[in-house]
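Novice: Please read through the structure below; I'll follow up with questions.
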Amino acid sequence: MTFKLYIVLYSGFGHMVQIGYDLLVAVQLWKHARGVHMWLARWHKDRDSENERMEGFKCNPGSVRTGTRVIHFPTLQSFQKRNQWKREVKQSTALLFYNTTAFLIATKFGVLSMILSRLSIRPRLQQLIQHFSHPSTSTTATPRAYATMVDQSKWKFNHTMLRVKDPKRSIEYYNLLGLSLINKLEFPENKFDLYFLAYDGPKSASPGSHWTDREGVLELTHNYGTETDENFTVNNGNKEPHKGFGHICVSVDNIQAACQRIEDAGYKFQKKLTDGRMRSIAFALDPDGYWVEIIGQKNVDETKDITTTDTSAYRLNHTMIRVKDPEKSLRFYQDVLGMTLLRTSEQKEAGFTLYFLGYPGDFQVPKPEDTPNGVNPLANKEGLLELTWNYGTEKQEGKVYHNGNDQPQGFGHICISVDDLEEACKFMDEKKVNWKKRLTDGRMKNVAFVLDPDEYWVEVIQNEKLKKTTDW
């Protein structure tokens, strides 16, 4: 009798435990279901308000420096906020799935089976939640950290390399634009030297910084003997059939005075300020015929009567390359290299669109109401990459653009400096990039080169401030 009573009491206690636990799971299930509903509602509200705000950013033709028809100015804060909602919705959905599974098992098989099943599926669900927690790799300004321990928020668009005929003439020209020689690497055994120039004055973006810990650096490559070779010329990237690289760009304080200073020094222009309909930009020519775009940091009407210019306020703003398929190129530069799309300029009537990418760091994209009419909102930033897409090229068969490294040569590569070179290369391996030179190839074990979708070379080096590996 006592034994039967014990069995009854034990069974009753077990049912009470099961009911209590089922109620607890049901409450958790309801909470997460409600959470998903709330997150979705808030995300849709945020998206609608963002769309309304974006509609207000559309400009009339000719209202910005390029005469563009529509320019979007998405803020970094909106990117961060939108992607935060997305990640939280995914996390709540994963937790909802987790608790639903546990609740169904509890109802079907009882408390013991439920506990065992929860223990067995928890690791997988945690992996699922962790996977959903990764930031979106489309158009986001949030820092990225991956399993290979790379922190793309610390990556920099370090430099652009151009081959030059005579380094003395080239350095003299870029000195006129305010750039200083901050480093020189000599390779006499290979018969070439590298010159690194940047803005280094007290008003510059990175005064006194190591050359690998900067953006807006220009690398000039000189192969011995070209300065005395009368037949040697470079491919500037703007002539058929070898188009590809377009130009580098310098932003200046007073554009009229800056252009006059260049002209007074005896240098030529591809396009003067007064040429054509676009009166807010100019294209100067360096000694090798490379195009150097000049843009203003202020409205042209504001500076038209100013006759002086301060080169210490200049910025090496961007590098332009033409791309065949913007979808593929944007995916590469965002998903693999971790850049952020900061501005899109559509020029539908002219048949092309411009995409400006970079590593934002502490830079805040100005709001349209805070940007003077006719001024590029990114004019004060260094280290931008401009991708130019001419409509229809994505439908052409085969390779469309010249990468500058096939003959005839000119432009060489762009370069990013990273927080950890070895880990960055492992990460790129995981992304299945096309390698031009792996870190382990050849004698130079401190540089790697990957190919973008148009086969432009992208050098990858260590930021020596973050991790000392090479004495250069």
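Using the three backbone atoms N, Cα and C, a Cβ is placed for every residue, glycine included.
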Novice: Among H402, H413, which residue does TrEMBL name as a further Zn(2+) binder in the site formed by E386, E459?
Specialist: H413
Novice: Can you tell me the three-state DSSP label for H413 (Zn(2+) binding site)?
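Specialist: Once the DSSP labels are grouped into three classes, H413 (Zn(2+) binding site) ends up as strand.
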Novice: Between E386, E459, which of the recorded positions has the fewest other CB atoms within 10 angstroms in the structure shown?
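Specialist: Each of the recorded positions E386, E459 was scored by Cβ atoms within 10 Å; lowest is E459.
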Novice: Take the C-alpha atoms of H413 (Zn(2+) binding site) and E459 (active site, proton donor/acceptor) and report the distance between them in angstrom, rounded.
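Specialist: Between the Cα atoms of H413 (Zn(2+) binding site) and E459 (active site, proton donor/acceptor), the distance comes to 7 Å.
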Novice: I'd like to know the mean pLDDT over the domain 'VOC' (315-463).
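Specialist: Taking every residue of the domain 'VOC' (315-463) together, the mean pLDDT is 96.
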Novice: Could you tell me how many residues in the domain 'VOC' (315-463) are helical, how many are strand and how many are coil under DSSP?
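Specialist: Going through the domain 'VOC' (315-463) residue by residue, I get 27 helix, 55 strand, 67 coil.
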